[in-house]
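In what follows, a structure is listed as structure tokens, so that the remarks can point back to it.
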Amino acid sequence: MVVANIPSIFGWIMLYYTHSVVALYASTVLMGLSIGFSEAPILSYVGEITEPRLRGMMASLASAAGMLGMFLTYLLGYFYEWRTVALLSTLCPITCICLVMLIPESPIWLIANGKNEKAKKALCWLRGWVNPEIIAAEHLELVRYNEVSGTRIGKANVELDSLSSKLAQLKDPSVYRPLRLVMIVFFISYIICLLPCKPYFSQIMNQVDLSNDQSLLLVFFSILQIAGCIILVLSVNYLGKRFLTVMSVSINTILIILFGLYIVALNNNYIKSTPWFPTLLLSGISLFGTSISTLPWMLISEIFPNKSRGVAAGSCAALSYFLMFILTKTYLTIEIMLTLEYTMLLFGGIGIFGLIYLYIYLPETENKTLLEIEEYFK
């Protein structure tokens, strides 16, 4: 997590001094690499250090922090010139490095590498600077989990640590089954939550008579997403991830279908333009879409076995960004072929199939130990 912030620092500084297209691309590449590097260690760390009753809340906080960061960047851009915003943004990764240096290594990782005493000290720190006797039972449970999960103990084995052996772990049913589930959830979330609201937001608003005050609407929708994250953080421990996901997919699917039907009725002169109605629908998609768009990142932190969590989490993050790239690049082509209204109806149809799939195959992982979750996918 410390190393992942370093490219971001150079990326923001390069953006501040950029005077060419090449430098602009280079700064974007550095910040993109920083984001890609950070996904696997952050999600793995959150899943490994938290208690089952808090894991969902802590994982959702990570997504909430990301959305809050984007909102603050937009807000700073409203008051300051973009170079100033880039310079101020450099403080974020520097602050992250300083704070991460204060926290201990993951106890599970320490146990897997034969450092039991350091693991006990880390657990004491993470549970509130408690005495070793209080975390003794949890430490024994983590040792047992490490043994059952098949993680090596002791010095690194060069053969097991090779890239080919790590990628070969993806063939394990306990890895590819949850990986398949996570990628399907990513696909559903991008279709019914992100694509209708993000990539070509201006074009969508222009087509439904919402071209005025677009910047204000973008800030408003960002606030709704943050509000959705807060609701998710407060409710996930009580309602569970499965219920929140099924509910969010159901609501967003209905809203997208209504959005498509509204445009059909508007284009055929069945109704007059009523800007408040599409605004209400897009607001609902932003608010309720937070749960489904956050769920795959929450699952990544807990759904993979210990021995493969790093490579599996990194693979999921890479595939998710590649999937978003493909969907974003093909969106305009689909909209040109089908028009906006039927594109939304297509997304709604995909949402219905996604709802059926998640209802059948998505397990409840809230308040479950990592061992219980791993046993489910074996």
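Yeah, the Cβs are placed from backbone N, Cα and C, and that goes for glycine too.
Look at TrEMBL and you will find 1-366 tagged as domain 'Major facilitator superfamily (MFS) profile'. The transmembrane segment annotation in TrEMBL covers 22-46, 58-80, 86-112, 181-201, 216-236, 243-264, 276-299, 311-332, 344-362.
Against the transmembrane segment (216-236), stretch 58-80 has more CB pairs under 8 A than any other of 22-46, 58-80, 86-112, 243-264, 311-332. Per-residue pLDDT, averaged over the domain 'Major facilitator superfamily (MFS) profile' (1-366), rounds to 83.
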